[in-house]
Amino acid sequence: MTYNYLLILIIIYVIKIICRYFKQKNELQMESKTNLDSSKLVDPINQVNQINQVNQVNQTNQTDKIIVSFRGDKYDITDFLRKHPGGKNILIKNNGKDIEELMAEYEHSKNAYLILSKYKITEK
């Protein structure tokens, strides 16, 4: 009789473990569904356009020029390096890249966007 009792306890324990596993799995699935933010989804067409913009910028870059892309346009900001309040290194580091996310990440005044517009070298 004690053997049967022990066997029943083991079966109950295993069932609890299995139930806990499925409960945790379900909670993780629900959490991932609720955390899904459509604004974070990647738009494949937009991503291809950004890659093309970067490739175009890279093709036009010369070693002594700092050219960046912003909202589809290209800017030669070489002459602005010494004037940039955040230092020239961040501009050099982003040579040949799209800086739209970078501009949004660091707070810029309206004047900063006006200054950038003076360095535009191409239209969309």
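Using N, Cα and C of the backbone, Cβ positions are placed for all residues, glycine too.
Listed in Swiss-Prot for this protein:
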type     : residues      : note
TRANSMEM : 5-22          : transmembrane segment
DOMAIN   : 49-124        : domain 'Cytochrome b5 heme-binding'
BINDING  : His84, His108 : heme binding site
Secondary structure at His108 (heme binding site) (DSSP, helix/strand/coil)? coil
Mapped DSSP class for His84 (heme binding site), helix or strand or coil: coil
